[in-house]
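Trainee: First the structure, then my questions, so here it is.
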Amino acid sequence: MAAPVLLVRRPSPELAKGLLTHISDDRASLSTGLASQQWLEYTNVFRAHGWDVREVQAADECPDGVFIEDALLWLTDLSEKADQGPAIILMNTPAPSRAKELSTAQACAETIATAHGAKLYSLKEIGGSEAHLEGGDVLKVGRVVYVNSGGHRTNEAGICALRSIAERIGYSVVGIPIQGALHLKSAVTALPDGTVIGHMPGLQAFFKPYLQVPEPEGVAVVHLRPYEALASAHDEKAEAHLVMSSSAPRTTALLESLGWKVTTTDVTEFEKLEGCVTCLSVRCRPGSRS
Ligand SMILES: NC(=O)NCCC[C@H](N)C(=O)O
């Protein structure tokens, strides 16, 4: 089976000019040198676990370009016949300073689509230029695609366009109105067994099973192991492996006490811009069925 592919974009020298919406402004203390080091260490965690790490062309003029997850979305084909192939979707941000990120992301998506038999979609082409969606607002849990219906970066037309693609390949799309956080995945992500984890109050009404974690930085987890390994494993937890921010030691301890294996990595410089471990990459799983 093809190795999972991790798409990343190196941080811009202008990183400290990135957007800030919901957290207090600590951008003056941001070190671009430390950010570059943390980014390299982040990519090395995946390299060390067999991921094929591919760099999207640098976009030094785009302060937030490192948050590549917002520009591209990978969806495995989960349709019954699995005859459609995976989808890679070029997102459409409403943030003017982030729009320039899309042309280089598109070029990368074309290469990945050709290499892995994926179908390339453009949200803008499907929903029109007013259809907006950022990848941070999308959380996949099995066959359900949760999408933020209460934020400022994704709108109804964007959700409709996503639905028209996702339903063709076996997913249902469910809107979750998140307020007070930049993206859906700033508020929740999911463990490999489908448990959604979050920190803000009120989220348990939307997800079952749901686990409240003790730190805001602890809500972001990325799954390191290919999902096939999990599906065929006798002991799902023994096979799973999560990447998390080292800013959330109490959440790490909680998840470890529940049997999950966790590797932590420093992403402090990206957290100053409302980034996290999920938004620094797009995880593509060619050949995967989950
Ligand atoms: N998916 C994500 O969580 N992206 C983080 C984007 C942070 C960036 N400063 C922004 O506001 O767009």
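Quick reminder: no glycine exception, Cβ is built from N, Cα and C everywhere.
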Trainee: Given that TrEMBL assigns Asp64, Glu69, Asp70, Arg98, Arg153, Leu273 to the substrate site, pick the one from Leu20, Leu191, Leu224 that the record assigns to that site as well.
Mentor: Leu20
Trainee: Kindly point out which of the recorded positions Asp70, Arg153, His183 have a C-beta less than 6 Å from some atom of ligand 1.
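Mentor: Asp70, His183, by Cβ distance under 6 Å.
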Trainee: Out of Leu20, Asp70, Arg98, Leu273, give those binding-site residues positioned within 10 angstroms of Cys279 (active site, nucleophile), comparing C-alpha atoms, in sequence order.
Mentor: Asp70
Trainee: Are there residues of the same chain, six or more positions away from Asp70 (substrate binding site), whose CB falls under 8 angstroms from its CB, and which are they?
Mentor: Asp64, Met91, Thr93, Arg98, Glu101, Glu134, Gly135, Gly136, Arg153, His183, Cys279
Trainee: If H, G and I count as helix, E and B as strand, and all else as coil, what does DSSP give for Glu69 (substrate binding site)?
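Mentor: For Glu69 (substrate binding site) - judged by DSSP and reduced to three states - the answer is helix.
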Trainee: Can you count the other CB atoms that lie within 10 A of the CB of Glu69 (substrate binding site)?
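Mentor: Cβ-Cβ neighbours of Glu69 (substrate binding site) within 10 Å number 29.
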